[in-house]
Amino acid sequence: MEKYILSIDQGTTSSRAILFNQKGEIAGVAQREFKQYFPQSGWVEHDANEIWTSVLAVMTEVINENDVRADQIAGIGITNQRETTVVWDKHTGRPIYHAIVWQSRQTQSICSELKQQGYEQTFRDKTGLLLDPYFAGTKVKWILDNVEGAREKAENGDLLFGTIDTWLVWKLSGKAAHITDYSNASRTLMFNIHDLEWDDELLELLTVPKNMLPEVKPSSEVYGKTIDYHFYGQEVPIAGVAGDQQAALFGQACFERGDVKNTYGTGGFMLMNTGDKAVKSESGLLTTIAYGIDGKVNYALEGSIFVSGSAIQWLRDGLRMINSAPQSESYATRVDSTEGVYVVPAFVGLGTPYWDSEARGAIFGLSRGTEKEHFIRATIESLCYQTRDVMEAMSKDSGIDVQSLRVDGGAVKNNFIMQFQADIVNTSVERPEIQETTALGAAFLAGLAVGFWESKDDIAKNWKLEEKFDPKMDEGEREKLYRGWKKAVEATQVFKTE
């Protein structure tokens, strides 16, 4: 009887369940979207119960649609949108407020106040993160400060906090397991990534009671079992957890120090495995935990690109220059270059290494001869220039020259982007056969814990290359193009509307 690992990929707009066999191949997929709530400008929220319902639905669907029995599931892995915060009543199981999503800016004033009080470096040193509304800690504080009676309940031990992984494990296990893993804990602003413990000083600054917090566990371990009424009478081990970007790093088999993956999603996320050393960044990168396994943790440097694949969506939906995302490739290849045109897609500011929230998108180098093809090519080249910005920051901070770049996300299907990426970073770009690397990473972590796979070496054999793109551009051309990009970014940062 063939066995499978069931991977739950709980994302920002949808929940997915994917079955993987022992070769790491996909045996079934189910997906369900859920509602986004925008109560005020800049606020983004989810209903945690709707997320839970969507997860139950896709788990049921993927099993039923693929004629798999529940007793064929060897283990469950969970990967999740990171930082999104749920606070719930531990007796009723009901959230006391919507889940506050990672994108939400409603805690900006809390961050600003802590910065004014001089605590930014304290948080940076202990957590590797910036004092930003992006991370979970200020979201918990906001809920406790703004929901009537919440703080009193929390202090009495009646409330629990969790990121989405914690919420799902608690529900799946029938309220038995209140846990998170090292990778998710490292995104909360409350976890000391050096001591590997919740930090009392940070909790005091955020006024968050410690009794709300989940137990922090390795990313690959049996945390509990599904309660039988959720899983066709079966008690299936819940055995692997990692935040989405860390799961993608693991799914790309980036197990060695210096291994790098880049995800081209709506935004872009690059992670470098820095081994057992937490590298302090001088270049605006985040220092974070990659995963905890085999009794130790691996650290990572992370760079964020705010606009990646969404630049192609903008060409399609905003400017209506293309009818579909794949069409961007055919337009881009109709011309030999952009003829000096640069698009800086700073629609919501610039991420790593600039961290300029006030910058806005700009276009440079237009002439009477500029055509649609040049504009489209310049827009999709911007994904690759931004990736080089982050990669150079990583090499500078870590002292490691990147030997190859493993890639995933929607834009990797575009061969033009992949080749231009290899050219502009002067490094081989490796596109895997299975591009569902986030879900695969969670499956690998769960599979290791239940003996479905024996070791990381066993897993590495399952990673298969679909295509390798080697750099073909000469050095002079590469540096000339990149100098132009740096000038364009500089000009973008100078131009600020009032």
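Keep in mind that glycine also has a Cβ here, set from the backbone N, Cα and C atoms.
If you look up Swiss-Prot, you'll see T12, R82, E83, Y134, D244 marked as sn-glycerol 3-phosphate binding site, on the strength of sequence analysis. Look at Swiss-Prot and you will find T12, R16, T266, G309, G410, N414 tagged as ADP binding site. Taken from Swiss-Prot, the feature ATP binding site applies to T12, T13, S14, T266, G309, Q313, G410, supported by sequence analysis. Marked as glycerol binding site by Swiss-Prot: R82, E83, Y134, D244, Q245. Here Swiss-Prot flags H230 as phosphohistidine.
The structure, with features from Swiss-Prot marked on it.
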residue	record	contacts (Cβ under 8 Å, 6+ apart)
T12	sn-glycerol 3-phosphate binding site	Q81, T84, V101, W102, Q103
T13	ATP binding site	E33, F34, Q36
R16	ADP binding site	I8, D9, Q10, V29, A30, Q31, R32, V58, A439
R82	sn-glycerol 3-phosphate binding site	W102, T163, N184, R187, G243, D244, Q245
E83	sn-glycerol 3-phosphate binding site	W102, Y134, F135, A136, K139, T163, R187, T188
T266	ADP binding site	S308, G309, S310, Q313
G410	ADP binding site	Y264, G265, G309, A325
S14 (ATP binding site) and N414 (ADP binding site), Cα-Cα, nearest whole angstrom: 23
Binding-site residues compared (S14, Q313, N414) - highest count of Cβ atoms within 10 Å: N414
Residue among binding-site residues Y134, D244, Q245 with least C-beta crowding, 10 angstrom cut-off: Y134
Neighbouring C-beta atoms (10 Å sphere around the C-beta of G309 (ADP binding site)): 23
Additional residues around glycerol, ordered along the sequence, whose Cβ is within 8 Å of the centroid of R82, E83, Y134, D244, Q245: Q81, T84, W102, R187, G243
